[in-house]
Structures are given as C-alpha cells and as structure tokens.
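A.B. asks: Provided herewith is a single structure, encoded as structure tokens, for subsequent inquiry.
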Number of protein chains: 2
Amino acid sequence: MLRSFIEVWPDSHFPIQNLPYGVFRPKRGGEGRVGVAIGEYILDLSVIDDAGLLADTAAGGKGIFHQSSLNAFMALGKSTWTEVRRRLQQLLSADEPTLRDHVKLREAALLRQTDVQMLLPAQIGDYTDFYASKEHATNVGIMFRGKENALMPNWTHLPVGYHGRASSVVLSGTDVRRPKGQMKAPDEAIPHFGACRQLDFELEMGWFIGPGNPREEPISVKNAEDHIFGLVLVNDWSARDIQSWEYQPLGPFLAKNFATSISPWVVPLAALEPFRVAGPRQEPEPLPYLQTPDKAAFDIRLEVHLRGSRMEEPERIATSNFRHLYWSMSQQIAHHTVTGCNLRPGDLLASGTISGPEKESRGCMLELGWRGTEPIELGKGEKRAWLEDGDQVVMTGWCQGDGYRIGFGEVTGCVMPALD
Amino acid sequence: MLRSFIEVWPDSHFPIQNLPYGVFRPKRGGEGRVGVAIGEYILDLSVIDDAGLLADTAAGGKGIFHQSSLNAFMALGKSTWTEVRRRLQQLLSADEPTLRDHVKLREAALLRQTDVQMLLPAQIGDYTDFYASKEHATNVGIMFRGKENALMPNWTHLPVGYHGRASSVVLSGTDVRRPKGQMKAPDEAIPHFGACRQLDFELEMGWFIGPGNPREEPISVKNAEDHIFGLVLVNDWSARDIQSWEYQPLGPFLAKNFATSISPWVVPLAALEPFRVAGPRQEPEPLPYLQTPDKAAFDIRLEVHLRGSRMEEPERIATSNFRHLYWSMSQQIAHHTVTGCNLRPGDLLASGTISGPEKESRGCMLELGWRGTEPIELGKGEKRAWLEDGDQVVMTGWCQGDGYRIGFGEVTGCVMPALD
C-alpha cells in the first residue's frame with residue numbers, strides 16, 4: 001500500500017490515497033492559495049509549483065495554485081487532475097527523497113492544518129440542489145402532503161432538483177443565524193412574522209463541476225463523471241415552518257437561502273474509485289438519457305452529530321450512506337444539462353438530504369423527529385424536535401478502506417439566536 | 001426641458017433624461033468597456049474618464065469604466081450614481097461646450113450604436129425570479145391546478161419567488177434553441193423524451209442590485225430602492241410541457257434553465273422617478289416588513305411583438321405595463337433578504353411575467369393562447385398556440401414623458417430548431 005513519509009494515522013481522513021484540495025491562508029499572513037491535505041498537514045501547492053515540481057504537468061507554472069479559488073484548476077479537466085494527483089502522490093510517498101530530504105522546501109511547503117485558515121474552495125457560479133434520496137422524498141412527502149401524494153408521479157422518472165442560492169454558501173465553522181420569516185401554522189388564520197421555530201439541518205453531499213459545457217450542448221450521462229472535480233459534505237440548513245408556507249407552487253426559497261455550509265476539502269473523484277458500488281435498483285427503468293452503467297454510486301459512510309450548549313460531548317444522531325441515493329451524480333448532471341443548460345467550472349451540485357432505509361439513517365431533523373411529533377432523545381434528558389440556539393451540528397463522512405480512510409473531514413455550524 | 005447637443009428624436013428610447021448604462025466592445029476592436037446610450041450613439045465612459053471628466057466623482061480615475069461589466073460601478077452606490085449621472089447629463093447637454101466643441105474628444109468618445117457589439121451588462125452572481133403579477137399567477141393557477149386552487153393561499157401574503165439559473169442569462173439577440181427534455185401529457189401512461197412542444201416567452205422586467213447586504217443583515221423595505229441600480233427587459237423563456245411534468249414539489253427547473261434573455265441597456269432607477277405611480281391596492285394588508293410607501297410602482301409600457309419566419313413584419317401580440325405588478329420591487333427585495341440572505345452587486349432579480357387585467361395584456365403564450373386551446377391569430381392566416389421554430393420574439397418598453405421617452409430598447413431572440 002502506498003505510504004507517505006508524513007505520519008498518517010489509520011483513522012485519519014487524509015492519507016496519501018486521498019489528497020483532497022482546499023484553499024487556505026496561512027495564519028502568519030499571506031494570500032489565499034491552493035493546498036492538499038495530508039495527515040495533519042497541508043502541502044502548499046503554490047510553494048511546490050514555485051519550486052518547479054509541477055512543471056511536467058499541464059497545471060504547473062501558470063499561477064493556478066496561487067489563486068484563492070480552485071476554479072482555474074477545476075477548469076483544466078480530468079487528464080490534468082490525473083497528472084497532478086500522480087505527481088503529488090509521488091512527491092509525498094515514503095520512498096521519494098525530493099521533498100522528504102529537502103528540509104528547507106519541506107518547511108516551506110508543509111504547514112500544520114492548525115496554522116491555516118481555510119477558505120471557500122471555489123467561487124460558486126450556480127448552486128443546484130437535488131432531491132435524489134427516495135427515502136427522504138418519501139418521508140417528507142408523507143409529512144407535507146400525506147401518504148397518498150408522498151412521492152410525486154415524476155419522482156421515479158427524473159432526478160427532481162431546483163436552483164439554490166450561491167451567495168449564501170458558507171464554509172464549515174461559520175455560525176448560522178436562526179432566520180426570521182413569514183409562516184403560518186395550519187391552525188392560524190393568517191400568517192405571522194417571527195423567528196423560525198423549526199430550524200433543521202440536511203445531510204447532503206455536493207460535487208464541484210470541473211469543465212463545464214457550452215450552452216445548448218448537454219452533457220451525456222456516459223461522460224458526466226468527467227465533469228466532476230470532487231466532492232464535499234453539505235449541510236443545507238432549512239427553516240421548515242417558513243418552507244411549508246412558502247413552497248407552493250415554485251419551491252423552497254427563503255427556507256433555504258440564508259445559509260448552506262460546505263466542508264473545506266474537496267475530495268477528488270479519483271480517490272473514491274475503490275469505493276464505487278451499484279446504487280439502488282431503478283424501477284421503472286429510466287429513459288435512455290438517464291441510463292448509467294451498473295456502478296454509479298459510492299460507498300461513503302455519513303454521520304451527523306449534535307452538541308447542545310449544555311452537552312459536554314457531541315452525540316451521534318444519524319448515520320447514513322451516500323450509496324443510498326436513488327439518482328446518481330451522473331444522472332443528475334445529465335438531467336440538469338439535457339435542455340442545453342450550461343454548467344461552469346466551480347458550480348456546485350448537491351444531492352439533497354441523504355436518508356437511508358432505517359430510522360437512524362434519516363438525514364434531517366424533520367424526519368428524525370417526524371415533524372416535531374417524535375423528539376429525539378439525547379443524553380442527560382436533552383430532547384430535540386428541532387435545532388435550538390447554541391446547537392452545534394457536525395457532519396462527517398468517509399470511505400473505509402483496508403487500513404485507511406478516504407475522509408471528507410467535517411462540516412460544522414453552530415446555531416446563533418435570531419436577531420431582535 | 002434638458003436637451004442634448006446630440007440629436008435625439010422624440011420617440012427615441014435614449015434621450016438625455018435616460019442615459020442607460022451598458023457594456024460594449026467597439027467592432028473595430030478593443031476590450032469591453034462601459035458606456036451610456038444617447039440617441040443613436042454611445043458615450044464611451046472609459047474615454048470620458050481617461051480625459052479626466054469624471055475626476056470630481058467617486059467613480060472617476062479608478063478604471064471602473066474600463067471593465068467589461070458594471071459590477072464595480074453598481075457596488076459604489078446611489079450617491080456615486082447620482083454624481084456620475086449629473087455629470088454625464090451636464091457633459092451631454094446642449095449648452096455645455098466641453099464635449100460638444102472638442103472635436104477630437106467627441107470623435108473618440110461618441111460611437112454609433114451600430115458600430116459596437118453589446119455585451120452582458122454584469123456578471124450575474126445569482127438570478128432570482130419572482131411571480132409578482134396577480135393576473136399572471138391567477139391565470140396560470142387556473143390552467144395548471146384548476147379554478148379552486150388558482151391562487152395559492154400564500155400568494156397575497158408574500159411575493160412568491162424562486163432561484164433561477166445565472167449561467168444561462170444571455171444578451172438580447174442571442175438565438176434560443178428549442179430545448180429537449182422529459183415530459184408527460186395527461187393522456188400518456190409514461191413520460192417521454194423529446195423536443196419541447198410548448199415553448200413560451202415570458203414578458204418580465206429585471207433589476208440589477210447595486211450595493212448588496214452582508215449575510216444576516218436584511219434590507220428593509222424602506223431602504224430597498226437604494227439597492228436598485230437599474231432595470232432591464234427580461235424574456236424568461238419557458239418550456240411549458242417540461243414545466244408541468246417536473247415542477248412539483250420543488251418548482252420549475254429545466255423548464256427555465258436553458259435561456260433567459262435580457263436587454264443590453266440598464267436604465268437607472270433615477271431616470272424612472274418621474275413615472276412613479278401607486279401600484280395595485282394590496283388586500284389583505286401585508287405584514288409590516290412588506291409595507292411600502294404609497295408609490296412603489298412605475299408606469300412602464302410594455303409590448304411583445306412576434307415575427308414568424310413567413311411574416312414580413314413583426315406583429316404586436318401583447319401590451320402590458322410594469323405598474324400592474326402586485327408586489328413592488330422594494331417588497332421583493334425586502335422579502336428576499338428578510339431571512340438574512342445576502343444579495344451582491346450584479347445580482348439580477350426579475351418580476352415574473354407581467355400580465356394585466358385585459359386579454360391582450362397577458363404576458364406569455366401560455367395565457368394568450370390559454371394553454372394551447374385558443375391559438376392567437378396573426379396576419380395572413382398565421383396562428384400560434386406556442387412558439388414555432390424561426391419565430392422572433394421582440395419585447396420593448398418605455399415610459400412616455402411629455403415629448404420624450406425613457407426607453408429600454410428591446411430584448412429579442414429567435415427560436416432555433418431543436419438539435420437532432
């Protein structure tokens with residue numbers, strides 16, 4: 001097994017098999033630049049590139065890693081990503097002296113993750129959110145529309161999605177203010193304005209688009225993965241009481257536009273290749289433009305932890321898996337572009353809440369607490385129907401290899417009280 | 001009345017009282033830059049700024065007009081826009097010799113509009129589309145959901161909106177390819193894939209955001225107009241057969257993401273001030289966060305013309321007015337941000353289809369042809385239930401002053417056949 005000269009614990013999310021990309025600024029000063037995570041360190045690619053060590057790749061020597069977003073690198077496409085990844089794995093490997101034995105270069109290029117501030121990995125042009133988990137769509141449908149209308153007739157024929165808000169995508173660690181808005185409970189005669197009382201998280205995964213497509217040239221489902229740069233964890237914060245009043249007929253708007261949190265490290269699709277699996281059986285068979293090969297899903301374990309302000313430790317409240325998704329990433333991309341809609345490098349697509357078949361695999365409070373009717377029990381008598389002020393939500397995810405993990409780190413956020 | 005030394009006909013859209021901003025590139029070569037329209041000319045603001053004529057404004061000497069987008073200028077805010085507008089009106093006025101009598105400068109700074117290529121006026125971060133016309137929402141509701149559920153209970157309490165697609169906003173004159181997609185007619189057992197057969201336009205107006213707001217700091221309805229840089233015409237192309245199958249429960253997605261056309265000239269809100277009027281009476285009274293002063297609407301006449309490939313002349317098929325909008329721009333901005341959602345300079349908000357009370361004031365084919373059941377009659381035996389390949393749609397709009405017009409020019413687009 002490939003090993004790095006940098007010590008990496010078996011449960012680390014960032015072994016040499018992963019090498020996720022991120023954008024960071026050293027705390028000691030300096031501009032934003034691109035790095036990869038390795039164990040508890042970051043390899044500063046702007047330093048590596050300046051040292052000429054990426055000169056034999058199509059990305060080297062162009063200032064691409066000196067930028068405070070990954071967009072330019074994302075745009076270069078799969079063959080360049082492959083070259084760079086291979087080169088970085090070589091440079092970091094235990095047998096390779098170039099970096100290992102060059103003390104000055106090593107000191108300049110390797111920073112502790114605790115010594116940097118992570119930044120948003122990309123300038124997101126458009127953010128699209130799907131609704132690709134059948135279990136989630138079914139559960140929500142039952143609660144909002146009753147059992148008869150739970151899954152709309154279109155749901156098994158196409159990956160339902162909608163445009164989200166790009167401006168309010170924030171980095172993990174950003175506090176999230178409880179939004180105010182207009183809502184109307186079923187027993188109220190008229191709507192009122194106030195702080196959201198049904199604040200929720202949504203456990204999702206997102207993927208960044210690498211090369212986009214020109215307008216009017218759809219991406220075929222067979223080539224769709226070539227357009228995926230890498231994946232992150234996504235918490236699509238939701239205000240359920242605002243949502244249930246506003247969402248008809250044009251979909252969620254204010255209920256979702258106040259914040260969407262993402263994890264800082266973008267895990268390359270190549271790192272997930274060993275964890276490719278078949279997704280759920282699709283019945284009815286999708287139309288030809290949505291037919292993907294057998295194995296279009298990935299086995300990524302996902303967890304949600306919650307820590308209330310009076311709790312000493314976070315408690316795990318949900319475990320799910322990316323493989324539960326009914327519609328694959330490829331299908332979502334093919335569907336998104338089939339009308340000729342253009343994607344651009346740095347666009348973010350997200351899966352929608354990823355719920356699984358079990359009760360504990362439900363990916364949001366709405367489902368876990370069944371719209372407030374079955375609050376979940378935490379330690380020491382704490383209960384939650386919805387998120388409370390001071391609650392910290394931590395999502396994490398990883399692929400379990402033999403003696404190593406391909407991890408996504410965390411996406412975290414703490415709920416702040418509504419403004420007066 | 002203020003007059004320019006440049007000849008402007010009374011029915012011109014671009015008298016000295018207007019001075020809309022646009023981004024253009026001279027056909028003879030050169031980079032994109034900012035200009036204002038005056039009669040049949042464009043005043044090149046990069047030349048005016050280089051000549052030091054904007055030095056006494058906060059926008060001068062910073063290269064802001066040498067950019068190929070208006071975002072930087074938009075971000076500067078109302079007091080700077082006022083300064084620049086005053087200065088430009090002075091420079092272009094009949095009594096002012098600075099430009100009028102300086103032949104070399106005049107020749108460098110004034111280009112015929114036929115000698116330039118117009119570009120998208122801004123880099124659009126997020127595009128939001130509302131649904132603010134009561135007549136339109138009612139008509140569509142009747143057709144899609146029946147008379148009983150036509151206007152959803154929330155409609156009269158809040159301006160319904162949704163996030164649109166920013167990447168596919170295109171400039172007037174761009175051809176629009178008939179999209180393909182998945183649809184299911186009510187009498188079909190299963191959906192099929194094919195070219196859209198119910199292609200539509202939507203007559204809308206859009207406004208560009210100037211200074212945005214930080215996340216978590218809503219824009220109050222009273223200050224909302226300070227965040228409006230200016231307005232454009234919008235044609236929000238729609239695929240109705242794709243829409244009716246896909247839109248539940250998360251709203252329109254593919255039906256709208258293939259193209260949205262906008263006019264190139266951004267008319268400053270200040271130019272519309274003389275045409276401020278009261279909007280429709282709002283009943284029930286909106287919640288306090290949505291209460292605007294009496295006159296929050298603007299009297300802007302709007303027309304849609306259609307020219308089929310076999311027609312010699314475009315024919316007018318709809319006349320409407322921006323003042324029909326039930327929800328004002330201010331209300332839409334206040335609502336959009338009330339949860340803390342951040343707007344950014346260059347964001348585009350649009351009104352949704354602007355229909356009026358009369359049959360001929362309906363702003364889309366869906367309404368004009370009553371979902372295909374009452375095709376409209378054009379000259380020489382041509383009929384239209386939906387748009388056909390080769391149809392050119394031309395929208396125009398203006399405020400009629402006493403002897404002058406504040407116009408928006410046109411937004412045009414021609415329907416190209418679907419790809420094989």
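Just so you know, glycine gets a Cβ as well, placed from its N, Cα and C.
What TrEMBL lists as active site, proton acceptor is B:H136. The annotation Ca(2+) binding site is assigned in TrEMBL to B:D129, B:E202, B:E204, B:D236. The feature substrate binding site is assigned by TrEMBL to B:Y131, B:R145, B:Q243, B:Y247, B:T353. Annotation source TrEMBL lists Mg(2+) binding site at B:D236, B:K256, B:T260. Annotation comment: TrEMBL describes B:127-414 as domain 'Fumarylacetoacetase-like C-terminal'.
Neighbours and distances for these, please.
C.D. replies: DSSP assigns B:H136 (active site, proton acceptor) to a helix in the three-state reduction. Here B:H136 (active site, proton acceptor) comes close to B:G352, B:T353, B:I354, B:S355, B:R362, B:G363, B:C364, B:E367: these same-chain residues lie at least six apart in sequence, with C-beta atoms under 8 angstroms from its C-beta.
In three-state terms derived from DSSP, B:E202 (Ca(2+) binding site) belongs to an extended strand segment.
Mapped onto three states, the DSSP output places B:Y247 (substrate binding site) in coil.
In three-state terms derived from DSSP, B:T260 (Mg(2+) binding site) belongs to an extended strand segment.
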A.B. asks: Compile a sequence-ordered list of residues in the same chain as B:D129 (Ca(2+) binding site), six or more apart from it, whose Cβ lies below 8 A from its Cβ; state 'none' when nothing qualifies.
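C.D. replies: Result: B:G161, B:Y162, B:H163, B:G164, B:E204, B:D236, B:K256, B:L349, B:A350, B:G352.
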A.B. asks: What are the sequence-distant neighbours of B:Y131 (substrate binding site), meaning same chain, six or more residues apart, C-beta distance under 8 angstroms?
C.D. replies: B:A137, B:W155, B:P159, B:V160, B:G161, B:Y162, B:G352
A.B. asks: Can you give the mean pLDDT for the domain 'Fumarylacetoacetase-like C-terminal' (B:127-414), rounded to a whole number?
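C.D. replies: Here the mean pLDDT over the domain 'Fumarylacetoacetase-like C-terminal' (B:127-414) amounts to 96.
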A.B. asks: About how far apart, in whole Å, are the alpha carbons (Cα) of B:R145 (substrate binding site) and B:E202 (Ca(2+) binding site)?
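C.D. replies: Cα to Cα, B:R145 (substrate binding site) and B:E202 (Ca(2+) binding site) are separated by 20 Å.
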A.B. asks: CA-CA, which of the binding-site residues B:E202, B:Q243, B:Y247 lies nearest B:T260 (Mg(2+) binding site)?
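C.D. replies: Closest by Cα distance to B:T260 (Mg(2+) binding site) among the binding-site residues B:E202, B:Q243, B:Y247: B:E202.
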A.B. asks: Go through B:R145, B:K256, our binding-site residues, and report the one whose Cβ sees the most other Cβ atoms within 10 Å.
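C.D. replies: Ranked by Cβ atoms within 10 Å, first place goes to B:K256.
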A.B. asks: Using a Cβ cut-off of under 8 Å to chain A, which of the recorded positions B:H136, B:E202, B:T353 qualify?
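C.D. replies: Among the recorded positions B:H136, B:E202, B:T353, not one has a Cβ sitting under 8 Å from a Cβ of chain A.
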A.B. asks: At a 10 A cut-off on CB-CB distances, which of the binding-site residues B:E202, B:E204 has the highest count?
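C.D. replies: Counting every other Cβ within 10 Å of each candidate, the maximum falls on B:E204.
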A.B. asks: Need one number for the substrate-binding residues B:Y131, B:R145, B:Q243, B:Y247, B:T353: the maximum pairwise CA distance in Å, whole number please.
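C.D. replies: It comes out at 18 Å between the most distant Cα atoms.
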A.B. asks: Under DSSP, is B:Y131 (substrate binding site) part of a helix or a strand, or is it coil?
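C.D. replies: B:Y131 (substrate binding site) sits in coil per DSSP, no helix or strand.
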